[in-house]
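Here it is, the structure, as structure tokens.
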Amino acid sequence: MRGAARPPHALILLLSIAAVGESYQKFNPRAYLQNNYMPPRADFSAEDCVVPWKLRCLAEAFATGDIHGRTLIDIGSGPTIYQLLSACDHFEEIIATDYLEVNREVLRRWVRGEPDSFDWSPYIKHVCRIEGKGEQWKEKEQKLRGKLRQILPIDVHQSEPLGSQLCQRADALVSTFCLEAVSPDRPSFERALRNVTTLLQPGGHFLLIGALEESFYLAGEAKLSVVPVSEADVKEALSKSGYYIHDFRSYLMPPSLKIGVDDVSGVFFVHAQKKPVA
Ligand code: SAM
């Protein structure tokens, strides 16, 4: 069948999204974890270091008590679980998702407690400390493992990012360093945000963390392009997708943490809420 002519810009967009997908085939989870989740970026003795900053933003958002429900979906989890540590008390089930099978396998291995898994224990201990509820870290680790029942493939560039895998929309979403890192330009970033918003029920909360003004990052042999976004771009994209912003914070990456694995200028954290249907 001869199809209708596709407008050239749509074809270019499809090609650039395909190129991003291709560049991720070389993503090395171990190198990515080493670059971003080990010292100097993960220094738990300094509250103003980037990793403790992210963990505090998440802990404080969940401590409000406003974000809870049956299901939370993490969009583009990658090989990491730190972003779910403060969430696990507030949801019955947590669904992790990623585009790459290698990352989903890293997560499954952590859930099974395989011995060669990345050591998240300093993160879990730190979160127990800052939450101040007297929880033992082993207890939190077990709780999160128990709640992470599904680890699903996802593509945020699809209008239905999880296809038919989802039975019910989530009560909340978390996403860290995904949307800008997989979008070739700002319109695709905005479209990806619109696509994942379909997974969230009206009135649901979204905790979004990402890179500010970054153009690339490294993960082993892979050099991944990132669409540089400003605070204003993120706020505008959220507003266009129908969110209220409850809290917006920024972190300026200090020179000591500019270690050549990316060109990130800072990090944003947003607590947004999808507007209820009128
Ligand atoms: N969330 C983790 C974190 O906080 O470090 C990982 C972020 S990593 C920068 C970006 C992630 O997006 C990778 O795990 C990658 O596999 C995933 N990804 C790549 N293309 C994607 C797509 N089209 N849809 C969803 N996720 C994608």
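Every residue gets a Cβ built from N, Cα and C, even glycine.
Copied straight from TrEMBL:
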BINDING   Y32, Y37, G76, S77, Y82, D98, N103, D155, V156  S-adenosyl-L-methionine binding site
SIGNAL    1-23  signal peptide
Could you list, ordered by sequence, which of these binding-site residues: Y32, Y82, N103, have a Cβ under 6 Å from ligand 1?
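Going through Y32, Y82, N103 in sequence order, those close to ligand 1 turn out to be N103.
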State the count of C-beta atoms found within 10 angstroms of the C-beta of N103 (S-adenosyl-L-methionine binding site), not counting that atom itself.
22
If you count the C-beta atoms lying within 10 Å of each candidate's C-beta, which of the binding-site residues Y32, Y82 ends up with the smallest number?
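The binding-site residues Y32, Y82 were compared, and Y82 has the fewest Cβ atoms within 10 Å.
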Which residues does V156 (S-adenosyl-L-methionine binding site) neighbour through Cβ under 8 Å, counting only same-chain ones at least six apart?
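Expected: I75, G76, Y99, C178, L179, V182, A192, N195, V196.
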